[in-house]
């Protein structure tokens with residue numbers, strides 16, 4: 001069965017019987033003083049795709065801007081940054097991080113999926129806290145997307161996601177090379193071979209390598225997504241993909257728990273199916289936006305095409 005037809009099973013129905021939250025509660029960890037757009041794009045992409053609620057966990061410096069971008073988002077200035085800890089010693093900083101993660105825990109436990117990285121920056125304190133959050137959600141079994149600056153955590157500590165079968169890494173070309181280097185893999189020649197080696201080195205996690213053709217690898221399994229897309233790469237495009245992917249993982253989680261249908265274990269909705277559908281869908285959104293805007297395309301242009309693209313690919317029977 002085609003990947004798209006299989007994935008349609010996890011899409012929640014449009015029904016008055018569902019209440020708020022059943023179609024997905026997701027979170028975005030990211031947003032710093034310099035980077036407030038990235039978490040916004042990821043969060044709004046998930047909402048436009050069709051999840052019900054999105055929580056953005058960001059630095060205090062980023063919260064006012066993100067709140068002003070959209071009233072649809074629930075924004076928590078929860079992430080401790082270096083600016084918050086300028087006069088603290090390392091032990092005090094660590095205690096501050098632990099306290100902040102503990103305060104987030106009740107919300108983290110309720111999420112259907114989480115994306116870590118958009119706009120996170122290279123702030124060492126924010127990265128340290130993001131690492132604790134990743135450890136927490138892995139202990140909960142929560143589906144996880146690690147993108148952008150969040151991938152620095154995996155570069156620094158490859159064991160962080162080792163063997164976790166509910167995570168998708170979404171590196172671009174340069175991030176992919178750095179991830180490969182962190183586990184002594186040569187990515188300079190054959191990208192397919194390197195992707196398989198990287199996935200296996202991390203315990204067969206799923207990797208979605210973004211490029212002119214998106215490459216998805218889980219262990220020895222590999223596939224390409226080469227659907228038409230925008231001919232111009234704009235800032236925020238990867239954040240949109242991360243948000244879509246997070247939404248799709250949330251739906252998979254809801255489907256597997258029998259939230260809107262009887263539990264059906266007869267068909268395994270693998271992370272490769274989820275990733276390939278997210279890739280294809282994001283490329284369709286970008287292609288529609290490019291048709292209208294050409295060189296003027298920006299990430300907000302792509303957000304506006306999520307609804308039409310979804311109708312075209314998945315809701316064509318409505």
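Backbone N, Cα and C define each Cβ position, glycine as well.
Per Swiss-Prot, the feature (6S)-NADPHX binding site maps to 119, 172, 173, 174, 175, 176, 177, 178, 239. On its own chain, residue 175 ((6S)-NADPHX binding site) has 148, 151 as residues at least 6 apart in sequence with a Cβ closer than 8 Å to its own Cβ.
Look at Swiss-Prot and you will find 210-214, 229-238 tagged as ATP binding site. Residue 230 (ATP binding site) carries neither a helix nor a strand DSSP state and counts as coil. For residue 230 (ATP binding site), the same-chain residues 6+ apart in sequence whose C-beta sits under 8 angstroms from its C-beta are 237, 286, 287, 289, 290, 297, 302.
According to Swiss-Prot, the domain 'YjeF C-terminal' annotation covers 3-313.
Just so you know, of the binding-site residues 173, 212, the Cβ with the fewest other Cβ atoms around it within 10 Å is the one at 212. Taking each Cβ in turn and tallying the other Cβ atoms within 10 Å, the top scorer among the binding-site residues 119, 236, 238 is 119. Long-range Cβ neighbours of residue 214 (ATP binding site) (same chain, at least 6 residues apart, Cβ-Cβ under 8 Å): 208, 224, 225, 226, 279, 283. In the structure as shown, the Cβ atom of residue 239 ((6S)-NADPHX binding site) sits within 10 Å of 30 other Cβ atoms.
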